[in-house]
Amino acid sequence: MLKLRDSFFFLPILCFCFVFIVDGSVHEYNGEKFVGKGNAFVVHGGSEGIYSSFADPYNVTATIGDSYIRFEKVTFRRPKEAANFSSKAIQAVVFEVEDRDSIGGSAYGGQRAVCCTADIAKLGVCLEGEVIYRPSTENPNWPKVFGISFNGDDEVATLRSRSIKITKTGMYNLYFIHCDVNLKDLTVEGKTIWKNPNGYLPGRMAPLMNFYGFMSLAFVILGIFWFSQYARFWREIFPLQNCITLVITLGMLEMALWYFDYAEFNESGIRPVGITMWAVSFGTIKRTVSWIIILMVSMGYGVVRPTLGGLTSKVIMLGATFFLASEVLEVVENVGAVSDLSGKARLFLVLPVAILDAFFILWIFTSLSATLNKLQARRMTVKLDIYRKFTNALAVAVIVSVGWICYELYFKLNDVYNEQWQSAWIIPAFWQVLSFSLLCVICVLWAPSQNSMRYAYSDEANEGFDKDDTTLTLIKPSPTPMKDFKSAAEARPVQGHNGAWNGDLEEDKTV
């Protein structure tokens with residue numbers, strides 16, 4: 001008796017495709033070749049979360065419309081030298097992720113297969129050379145399986161255009177499969193269109209459009225607060241506040257571009273490469289500048305020290321490296337068909353960014369520790385208080401980030417088939433909210449005001465400490481006779497024509 005079980009064939013493919021889902025609701029096929037998997041040859045046609053054609057029971061979609069997967073001019077092409085026989089069927093298989101067990105099977109507990117073999121065909125449950133499937137327990141009309149064959153010496157076979165209406169919310173998958181070893185060089189061309197009730201935006205991405213709309217509004221509100229204070233106290237502005245202004249401006253542009261990117265995607269079904277590239281670039285620049293600014297603040301730039309000195313080149317080099325690594329990762333993930341990437345290739349791109357993030361964090365907290373010690377030694381209570389608040393905010397952000405990374409790993413490990421796609425948008429949204437929250441904290445701590453300059457670097461306050469600090473650290477004091485000390489105290493230094501103190505010069509020579 002035929003025993004239908006979990007298909008060994010679809011398990012690895014689903015694991016792969018759900019991690020890297022095609023970015024477009026219009027899936028185009030430009031001569032993709034079929035790949036051998038088990039006893040079948042396969043092309044992955046797409047995977048998307050789609051809401052039902054009717055109003056969602058949880059009121060996720062605000063409008064009522066049609067949801068469908070439409071096949072348009074899907075054509076199979078075989079080489080001329082192989083066009084001398086009638087082929088077996090080339091089938092399109094559309095199924096919801098919960099029905100993945102309905103595809104494939106085995107006879108008498110033997111090796112599982114996707115294509116119906118001669119032994120399985122003898123049981124009368126399938127036709128030899130076709131895909132094994134059984135009706136879904138919830139909906140007998142699913143999965144959808146249909147196909148076409150080559151007749152005689154035909155080199156091209158085209159599927160009849162059709163639309164499959166979606167009446168149940170779920171993650172849907174499309175595979176083109178054939179079981180004919182003589183068609184190993186077969187290719188597929190054409191396109192399929194996947195539509196949700198509220199547009200062409202894939203269901204997993206749909207909430208992000210509204211999210212970026214809200215984030216754009218949040219940045220506008222923050223910008224109004226900051227720019228009004230900036231214009232009001234522009235005479236009291238110091239360099240750090242100019243850097244914060246740059247980050248806010250980049251954030252406003254990034255959020256607006258992401259919103260328009262998703263809005264255009266939702267309207268046309270094709271991701272606009274130009275807008276996506278600009279959004280990715282502005283986002284990468286913002287993150288790079290943010291890291292550099294936080295590092296500079298941690299080192300005391302503009303507050304404890306006027307410049308970074310010899311560290312400037314190292315900071316710039318680290319920032320440039322982070323920008324390049326992040327830009328490549330973001331472009332690959334957001335522009336074009338990311339489903340072509342393998343897990344190892346994506347890991348290769350993610351690891352450098354993660355290592356650079358960790359290096360930034362380590363350097364930031366090391367610098368903060370040194371800056372706090374300096375401020376405490378100088379007894380600059382106002383700056384010390386603001387730096388302690390800044391340190392606490394950073395510590396909370398790092399702890400929350402580590403916790404969220406653990407949750408993200410747990411989420412992905414327990415959602416192998418992306419069945420929780422409706423809540424997957426929360427993961428990228430969280431990082432945007434966290435970075436915006438930290439930016440708000442920085443804006444509050446260093447907001448332009450009539451007293452802004454008391455947070456800035458002061459030559460008088462710092463030069464004296466630098467001299468004392470150097471003396472205490474580098475020069476070991478020697479015992480001085482009381483009378484010599486008295487004579488030195490009574491001596492009146494005379495300033496020379498070059499502006500140097502003679503007393504100081506004589507002391508330096510003695511030392």
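Note: Cβ is positioned from N, Cα and C throughout, glycine not excepted.
Feature list (source: TrEMBL):
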DOMAIN    207-452  domain 'GOST seven transmembrane'
REGION    487-511  region 'Disordered'
SIGNAL    1-24  signal peptide
TRANSMEM  211-228  transmembrane segment
TRANSMEM  240-260  transmembrane segment
TRANSMEM  311-329  transmembrane segment
TRANSMEM  349-372  transmembrane segment
TRANSMEM  393-413  transmembrane segment
TRANSMEM  425-447  transmembrane segment
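Contact between the transmembrane segment (240-260) and the transmembrane segment (349-372) is not supported: fewer than 3 Cβ pairs lie under 8 Å, counting only residues 6 or more apart in sequence. The transmembrane segment (311-329) shares more Cβ pairs under 8 Å with 349-372 than with any other stretch in the list 211-228, 349-372, 425-447.
Packing against the transmembrane segment (349-372) from elsewhere in the chain are residues 291, 294-295, 298-300, 303-304, 318, 321-322, 325-326, 328-329, 332, 384, 387-388, 390-391, 394, 398: each is 6 or more residues past its ends and has a CB under 8 Å from a CB in it.
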